[in-house]
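Enquirer: Have a look at this one.
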Amino acid sequence: MTNFQHAGFIGMGVMGEPICRNLAQKGGLPVRGFDSNPEPLQRLAAHGVITAASVAEVAQNSDIVFLSLPSGEVVAEVARGPQGLLAHTRPGQIIVDTSTSPIDVTRALADEFAARDAVFIDAPVARTRAAAESGTLSVMVGGDAGVFEQVRPLIATFASEITHCGPVGSGQVVKILNNMVLFETVTALSEARAIARRAGVDPQILLETFTRGSADSFALRNHGLKAMLPGNFPEKAFSVEYARKDLRYALALAAQTGVNASGARNVDDWFAAAIEQGQGTCYFPVISRYIDADSAGPD
């Protein structure tokens with residue numbers, strides 16, 4: 001399927017575990033995985049994933065290494081630590097970061113790996129955990145076109161949509177802005193739901209009617225109908241805290257490019273309100289509760 005002989009995978013969280021499982025089942029090569037939590041690796045062993053004792057072991061035994069980590073800060077730590085990827089990389093090795101990370105961190109790491117004749121590309125993922133489970137994620141890749149073609153068959157084991165967005169960092173730009181638009185859309189749906197309810201219209205009728213008009217969207221059909229309407233905001237989903245992390249990346253990028261992203265700042269206020277109320281680990285559409293409770297806006 002590819003020219004790679006051995007794959008590595010670091011980070012077995014909400015998205016990482018199903019991505020790694022799909023890679024192991026469909027990639028046609030052995031996968032060695034590492035996570036500080038042994039439980040997902042115990043589950044993945046049934047699918048042929050080899051448990052590594054350290055990041056160094058993954059780096060030393062892999063031609064290509066996938067990362068699925070909570071933040072750019074963690075990506076940098078895994079790469080730059082004393083026993084990290086940079087300390088153990090070798091010429092020709094490819095690192096594929098499926099995490100959502102700041103663009104400046106991504107480009108700096110790409111330069112550091114290039115200095116060791118290795119390659120670091122960004123390939124952040126979009127869509128839900130269910131999509132990760134079914135192997136139907138959308139992946140936005142930033143990197144050299146030739147490298148993209150090399151890694152594409154392996155990415156296809158967990159993604160149904162794969163887009164080459166441009167040079168290193170471009171995937172992160174697209175992913176961060178994708179999430180910014182998603183968060184703003186969920187906020188708009190929450191505001192509409194609150195207004196409709198207070199005006200005497202059943203929110204279910206409102207949102208279902210939206211699906212038949214120009215307000216229809218992925219956010220409406222998933223976050224609106226499946227989370228906001230039934231009040232389903234579980235933990236171990238895409239939490240407020242993780243969403244705010246991604247939004248902060250977007251706000252930083254807006255500041256760097258001189259854009260007044262007032263809509264994104266409004267969402268950040270609602271995320272802050274939810275965290276202040278102890279809902280930071282809940283699925284991020286939980287902000288709809290606070291938008292309905294105080295239509296004047298967060299303090």
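Using the three backbone atoms N, Cα and C, a Cβ is placed for every residue, glycine included.
Copying in the features that TrEMBL gives for the protein in this structure:
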DOMAIN    8-166  domain '6-phosphogluconate dehydrogenase NADP-binding'
DOMAIN    169-280  domain '3-hydroxyisobutyrate dehydrogenase-like NAD-binding'
ACT_SITE  K175  active site
Enquirer: Considering every residue in the domain '6-phosphogluconate dehydrogenase NADP-binding' (8-166), what is the mean pLDDT value?
Expert: 97
Enquirer: For the domain '3-hydroxyisobutyrate dehydrogenase-like NAD-binding' (169-280), give the DSSP counts of helix residues, strand residues and coil residues.
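Expert: Result for the domain '3-hydroxyisobutyrate dehydrogenase-like NAD-binding' (169-280), in helix, strand, coil order: 81 helix, 2 strand, 29 coil.
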Enquirer: Across all the protein chains here, work out how many other Cβ atoms are within 10 Å of the Cβ of K175 (active site).
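Expert: Here the count is 27.
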